[in-house]
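> Have a look at this one.
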Amino acid sequence: MKHIRNFSIIAHIDHGKSTLSDRLIQECGGLSDREMAAQVLDSMDIERERGITIKAQSVTLDYKALDGETYQLNFIDTPGHVDFSYEVSRSLAACEGALLVVDAGQGVEAQTLANCYTALEMDMDVVPVLNKIDLPQADPERVADEIEDIVGIEAADAVRCSAKTGIGIKDVLEVIVAQIPPPEGDTEGPLQALIIDSWFDSYLGVVSLVRIKNGILKKGDKFKVMSTGQTYNADRVGIFTPKQTDTAELKTGEVGFVIAGIKEIHGAPVGDTLTHAKHGAEKPLGGFKKVKPQVYAGVFPISTDDYESFRDALNKLSLNDASLFFEPETSSALGFGFRIGFLGLLHMEIIQERLEREYNLDLITTAPTVVYEIVKTSGDTIYVDNPSDLPAINNIAEMREPIVETNILVPKDYLGNVITLCVEKRGVQKNMVYHGNQVAITYELPMAEVVMDFFDRLKSTSRGYASLEYNFVRFEPADMVRLDILINGDRVDALAMIIHKGLIRTKGLALVNKMKELIPRQMFDIAVQAAVGSQIIARSSIKAMRKDVTAKCYGGDVSRKKKLLNKQKEGKKRMKSVGNVEVPQEAFLAVLKLND
């Protein structure tokens, strides 16, 4: 046991976590040079293309240290994006220490802080590593001071390395052995294993990544999942060296996988505890908290025949992604689909992309909404995540919107722009601290404003230097109303949105004009209106296409032309009473892109 080290790598986006893990694997001979691909652990196509890590992955390596001993290193590569912070907390629950990787050119960013605090809250040892020292703009001294100043951990003698060129990788490994404590646990005691992650393999069933806290799990053991009480046989156990390698047993302190031929998707929920079926542990391990979705959107398959396969795809995905929440929903405009809860807009994009790629579905998404707390006049409190579930205006006593506390780190040159943005988004400033060249500002902002496009706007006003992390604090009373779009007097439920009272004129007008561009002209006039309750606040008409019926008249009396024009008018009127308007797919997406 004293030769095992479990650690994860935490860092901000693009500070080089995945490249560093590649180097560690190479240094310890986990893969031959031929098998090395850049970003070995980013196994999904989307991860490679966007250059971000989404899923945590684990690897077991053997390292012969300078003291002559061989150590088993289990490390977990974690995502750095704010939407995936629950992945990070999950990986940390399985470790004793973390490497905090900081780009020696960029310095500390908000996400570095957020993940680092998560680690410190769990009483873990955080070891700073300065990466990218080969860059001309690298300034390790300044960054070391920044780490001590902003994060508050010793960094004067932090290891300096360059994952790209391989300088200092040996030192990183030595620091891991020296500074990260070995796991504690009772080998003789009853088995307790924490499920860090699970995914569905169409041949093997559910594959679970586990960290053994106490006891030993042998191949062929009967074990039970503590939350469901189901028992299974461990058909195969083993480790990833990144390749899947079978072993005879997993001992206390080790991280590895278990395959038990579990076929139902929720057989081994993430964060659960495994123990032996006979003489098992009494109580489960305290893992990590379940995350609540922050943003909801309706997602519908473009062809209704895909509904069943869409449901299967969601089931399989939710096994791998503990934070996904979904329930069936119907819409008069879009048919059958699901209301899905996401952690943020990036998460929503990724899930939609994974569904479209991995399961070949064509999907359409409605505008994302956050959860509102509503006090009805009858005194009941309800939570609404869908604009069409909103009670009538006269039944609402008070509407409360979720407020998040946002911590933003920004270089002081861009401070003005960022403050202007926060004010425009109805933010309230709580705190501002200068750290050298960086400024840390804390704002309370409505979550609805943050999830829509705040992240992109923040990046563009600060030329990409600002970084943010946010967490929910409370519900606060607000003047929110539902904006409906009516087409020829009929409400289109998929276009409704909940917005602040001060924005209804501008938003309503923008939306109506956008619809006017996107809905194709018909043979009759179409009225597009934006309404709040029964009050119409904006309108525009899409003019009818008409045939020139008087073209064949040559000379003759004017009453002849009038007759033809009146006949055409009658026809249009009749057509309007029976015609219905097809709203194209782009129109639904326009709601998302209103601010462009």
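Heads up, the Cβ atoms here are built off N, Cα and C, so glycines get one too.
Take a look at what Swiss-Prot says about it:
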- 2-184: domain 'tr-type G' (DOMAIN)
- Asp14, His15, Gly16, Lys17, Ser18, Thr19, Asn131, Lys132, Ile133, Asp134: GTP binding site (BINDING)
> Return the single residue from the binding-site residues list (Ser18, Asn131) that has the minimum number of other CB atoms within 10 Å.
Ser18
> Going by DSSP, is Ile133 (GTP binding site) sitting in a helix, a strand, or coil?
coil
> Quick one: mean pLDDT on the domain 'tr-type G' (2-184)?
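Mean pLDDT, the domain 'tr-type G' (2-184): 72.
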> Taking DSSP three-state, what's Gly16 (GTP binding site) in: helix, strand or coil?
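For Gly16 (GTP binding site) - judged by DSSP and reduced to three states - the answer is coil.
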> Across all chains shown, how many C-beta atoms besides its own are within 10 angstroms of the C-beta of Ile133 (GTP binding site)?
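A 10 Å sphere around the Cβ of Ile133 (GTP binding site) contains 20 other Cβ atoms.
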> Given a separation of at least six residues and a C-beta threshold under 8 Å, show me what packs close to Gly16 (GTP binding site) in the same chain.
Val101, Asp103, Asn131, Lys132, Ala163, Lys164
